[in-house]
Amino acid sequence: MTEGVFGRESGHEQVVYCQDQQTGLKAIIAIHSTALGPSLGGTRFYPYASEQDALEDVLALSQGMSYKNALAGLDLGGGKAVIIGDPATVKSEPLLRAYGRFVESLGGRYITACDVGTYVADMDVVARESRFVTGRSPDEGGAGDSSVLTAFGVFQGMLASAEHRWGSTDLRGRRVGVAGVGKVGRILVGHLVEAGAEVVVTDVADAAIDRVRAAHPSVTAVASTAELETADLDIYAPCALGGALDDDTVARLRAEIVCGAANNQLAHPGVEKLLDERGILFAPDYLVNSGGVIQVSDELRGFDFERAKRKVSDLFATTKRVYALAEDEGVPPVTAADRLAERRMAEVSRLRSIVGPTSVR
């Protein structure tokens with residue numbers, strides 16, 4: 001693994017190291033691409049074992065945001081930030097405000113939002129020092145929690161997948177397994193129950209399962225993710241941790257479709273080919289779970305829930321486009337999704353070089 005950022009072929013435009021000794025802030029902001037517009041991506045607050053680990057994570061995450069924002073149809077590039085440290089012990093108002101000043105210093109090339117270890121209340125603090133912050137509370141002019149539209153986007157991807165595989169969006173009688181019923185998974189279950197699906201869930205937290213079953217008595221539960229993976233399902237929805245799909249998991253799956261909210265579901269390159277070989281239709285995670293970033297991007301125009309929801313609804317058509325391209329070019333859906341994102345970035349980047357500076361619409 002190459003140490004540091006120089007000499008890498010990551011394609012990043014800018015990597016900024018941020019340090020403030022008085023508050024203890026140690027952060028890295030990575031801007032992968034502004035081909036489509038200012039870069040947008042969340043701030044992750046995590047106790048990395050080393051500075052190198054933090055760098056590797058922020059470079060990968062920011063590149064992923066370029067693809068996610070492009071495929072979501074946003075006029076935004078890809079960026080990400082990491083703050084190094086345990087948020088339970090080092091997070092403070094002064095530290096967050098110091099971080100906000102670094103974000104502000106970039107003049108809008110990077111717009112931040114919530115991620116692992118940061119929350120709406122934190123974004124409100126960061127916004128006291130920077131104009132380039134989304135994911136704020138409604139009281140501060142933001143959209144608040146993005147779980148509702150994230151779940152809605154996953155559901156749209158699921159409907160598109162069903163239509164592609166079975167010729168109909170009708171989920172009545174279809175058996176859907178949801179692994180992880182936290183904020184997003186719980187809302188997704190509600191959509192599925194309303195659509196008439198037979199829903200089976202699992203979660204490491206018994207309380208999360210209890211909440212879902214109290215709201216939806218028809219839902220059943222199994223003891224573990226491993227048990228859900230081998231269940232007789234039509235659709236499997238990973239909605240917890242990343243890396244949920246590895247070689248062994250794919251070999252065990254009985255579902256015809258995999259479509260869930262979890263990030264980075266493929267444990268390593270090549271898993272998408274195994275899914276394809278088994279005839280399992282995989283909805284690219286960074287496409288179907290982009291409802292959250294669509295929501296926070298709408299804040300840049302003055303948040304309107306119905307407008308954002310209409311934009312998230314477009315994920316149905318985009319998912320269908322990905323599947324059509326995958327079939328036309330004989331590649332897995334993930335590869336097709338990457339190609340669509342890359343084409344959009346290349347085409348719009350060329351136009352921007354003609355008309356002038358980036359702008360947010």
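One is the number of the first residue shown, and numbering goes on along the chain from there.
Glycine residues also receive a Cβ, built from the backbone N, Cα and C atoms like all the rest.
TrEMBL labels come from automatic prediction, so no person has curated them.
Annotated in TrEMBL:
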- LYS80: active site, proton donor/acceptor (ACT_SITE)
- GLY180, VAL181, GLY182, LYS183, VAL184, GLY185: NAD(+) binding site (BINDING)
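Mapped onto this structure are the features recorded in TrEMBL.
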residue : record                             : CB count, 10 Å
LYS80   : active site, proton donor/acceptor : 29
GLY180  : NAD(+) binding site                : 26
VAL181  : NAD(+) binding site                : 27
GLY182  : NAD(+) binding site                : 17
LYS183  : NAD(+) binding site                : 17
VAL184  : NAD(+) binding site                : 28
GLY185  : NAD(+) binding site                : 26
DSSP says GLY182 (NAD(+) binding site), in three-state terms, is coil
To the nearest whole angstrom, what is the C-alpha distance linking VAL184 (NAD(+) binding site) and the residue listed as 'active site, proton donor/acceptor'? 21
List, in sequence order, the residues of the same chain other than GLY180, VAL181, GLY182, LYS183, VAL184, GLY185 whose Cβ lies within 8 Å of the centroid of the Cβ atoms of the recorded NAD(+) site. SER147, VAL178, ARG186, ILE187, LEU188, ASP203, ALA208, CYS239, ALA240, ALA261
Report, in whole Å, the straight Cα-to-Cα distance of LYS80 (active site, proton donor/acceptor) from GLY180 (NAD(+) binding site). 25
Alpha-carbon spacing, LYS183 (NAD(+) binding site) to the residue listed as 'active site, proton donor/acceptor', which is rounded to whole Å: 22
Which whole-number value in Å describes the distance between the Cα atoms of GLY185 (NAD(+) binding site) and the residue listed as 'active site, proton donor/acceptor'? 24
Taking only the Cα atoms, work out how far LYS80 (active site, proton donor/acceptor) lies from GLY182 (NAD(+) binding site), in Å, as a whole number. 24
